[in-house]
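Features as listed in Swiss-Prot:
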- H255: active site, for protease activity (ACT_SITE)
- D286: active site, for protease activity (ACT_SITE)
- S354: active site, for protease activity (ACT_SITE)
- 463-488: compositional bias 'Polar residues' (COMPBIAS)
- 548-561: compositional bias 'Basic residues' (COMPBIAS)
- 566-577: compositional bias 'Polar residues' (COMPBIAS)
- 587-602: compositional bias 'Low complexity' (COMPBIAS)
- 207-399: domain 'Peptidase S39' (DOMAIN)
- 455-515: region 'Disordered' (REGION)
- 539-639: region 'Disordered' (REGION)
- 1-20: signal peptide (SIGNAL)
- 121-141: transmembrane segment (TRANSMEM)
- 144-164: transmembrane segment (TRANSMEM)
- 172-192: transmembrane segment (TRANSMEM)
Amino acid sequence: MNRFTAYAALFFMFSLCSTAKEAGFLHPAFNFRGTSTMSASSGDYSAAPTPLYKSWALPSSLNLTTQPPPPLTDRSYYELVQALTSKMRLDCQTVGDMTWRHLSEMLFASWNSVKEVSLKAASVTLWAIINIWFGLYWTLARLITLFLWTFSIEALCLILLGCITSLIYKGALSLSEHLPVFLFMSPLKIIWRAAFSKRNYKNERAVEGYKGFSVPQKPPKSAVIELQHENGSHLGYANCIRLYSGENALVTAEHCLEGAFATSLKTGNRIPMSTFFPIFKSARNDISILVGPPNWEGLLSVKGAHFITADKIGKGPASFYTLEKGEWMCHSATIDGAHHQFVSVLCNTGPGYSGTGFWSSKNLLGVLKGFPLEEECNYNVMSVIPSIPGITSPNYVFESTAVKGRVFSDEAVKELEREASEAVKKLARFKSLTDKNWADDYDSDEDYGLEREAATNAPAEKTAQTNSAEKTAPSTSAEKTALTNKPLNGQAAPSAKTNGNSDIPDAATSAPPMDKMVEQIITAMVGRINLSEIEEKIVSRVSQKALQKPKQKKRGRRGGKNKQNSLPPTSTQSTSGAPKKEAAPQASGSAGTSRATTTPAPEAKPSGGKNSAKFTPSWRIKQQDSAGQKPDLKLNSKA
């Protein structure tokens, strides 16, 4: 039965398709709009879709007549099925739209409800958490307050014990972290130092085959001083130089600083080297430049000497000074060449010579380091002074020709300058953990404290005389010319020229203070000076010199004795031949401009005879006095 029904349905559909094809399936009359006004409930079947007619198929306006719609029975099955399908599709679309609209409204209302409920639930939950948390803290605070109020001493003890326990725990943790590394690395460091840190230099020895000589002679400007141990035994030497910053400094070998005392043979004073502040220190180059405490030059009775930096050292003869049986001896030496960052020197040295300076005339070249341990090296080495702008060299560039016969190349000089600059910057950035450097502890030294107290309590008269001499005498700084570098082996280094004003500024005005302690000491010392007493003494000395009668100088070419007689107002005419030249007071002289070089002027005459007079005397008629005689004109006799 089911199979028969299926076959009947297929036959019915095939018949419909055949009928539609025969009736003109693609005819324009069967192109429906897809809309209908038929209502299923009214039973009006005449409301079939209106076919679309093309413009050529429309009847003319004259033949239009109202015709009733054909009955449905005249339609084909295809048209009926098509109309039914369109109706069903439209009804389904309408029902679907209404269903979707109702579902959307329901979903939107449900979403709003769920959202409101969720927000309320979250708010209630958060406030519950806040209340519980705050309640816990409030309860805990009340309990702690009650506990501290009731058991104050016990609570304090517990807090201290807790802090101590925490510190012990942190210390144990840190120790457990670093102790294995320390135990592992310490033997490696010891092995490394023993294997690769062998010394390449020894401090002193005599050069084989070099025959030197020694003569008794004092160092230039007493610039070489002895370094001693704390017990007074000999240690080495140090040299005083004048820096371009205007300060005086000590230069010595770096290995001579530990436990050393700077000792003066003139004054007998001793100053520990720990009170000196290093402005340059290099263990690799074995040289140190140190600035001392206030008035250390006066305590040691030394003056700053000139020096030559590494970029200007040339080959040639040199000398160095040592102390033998309480007397200074000058020994010969020869600058031979370069040895790595040092200078090779041919000289005979012995134990205790370290730190002594090598001199070319009055210029310091460097300090003695020792001698290299290589087999082929038969000479000593000298540590040179690096060129540090503003400290050991000026900040400007010399406009001169290139230096001839230099020992170091440009690359070696630049390397020395770079190392010196890094060392100075490292010392400037150094700050102790206790905010107090080792150079600030010179007040705690008993020997130096007694020496400084004795120097401070010196007679005020000596200070007044020194100040008055500086006030009355003309400034000699303008009369001094810049010292040039002395020739070495016939080859001279370039010299800095001055224009009358010293290029080296005064230490009190240009040199920056070492630290606040030194500045306070200087301020206290200046505050102790009695300026009123000094001014009175200066005025008294100047007035005494102004009231003194100038002495008449003898003429070397005229002969005879010049007598200065006081004449009455009606004196006779003068027969001296020239008006008297009054001598200016000593304090009225002015400093003249200094020459730009130390070489003799081309117009200067050789020594051996006196220069002629700087003026030519001329005769003038003396005015007639009220009761005097008329002058007789006479000509001077030519000498």
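Using the three backbone atoms N, Cα and C, a Cβ is placed for every residue, glycine included.
Note that this is a predicted model, so its numbers are computed, not measured.
Shown on the structure are the features that Swiss-Prot records.
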{"residue": "H255", "record": "active site, for protease activity", "Cβ neighbours (10 Å)": "17"}
{"residue": "D286", "record": "active site, for protease activity", "Cβ neighbours (10 Å)": "24"}
{"residue": "S354", "record": "active site, for protease activity", "Cβ neighbours (10 Å)": "23"}
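Counting only same-chain residues 6+ beyond the ends of the transmembrane segment (144-164), none has a CB under 8 A from a CB of the stretch. Averaged over the domain 'Peptidase S39' (207-399), the predicted model has a pLDDT of 89. Cα spacing between H255 (active site, for protease activity) and D286 (active site, for protease activity): 7 Å, rounded to the nearest whole number. If you take the Cα of D286 (active site, for protease activity) and the Cα of S354 (active site, for protease activity), they are about 10 angstrom apart, rounded to a whole number. Under the DSSP three-state reduction, S354 (active site, for protease activity) is assigned to coil, being neither helix nor strand.
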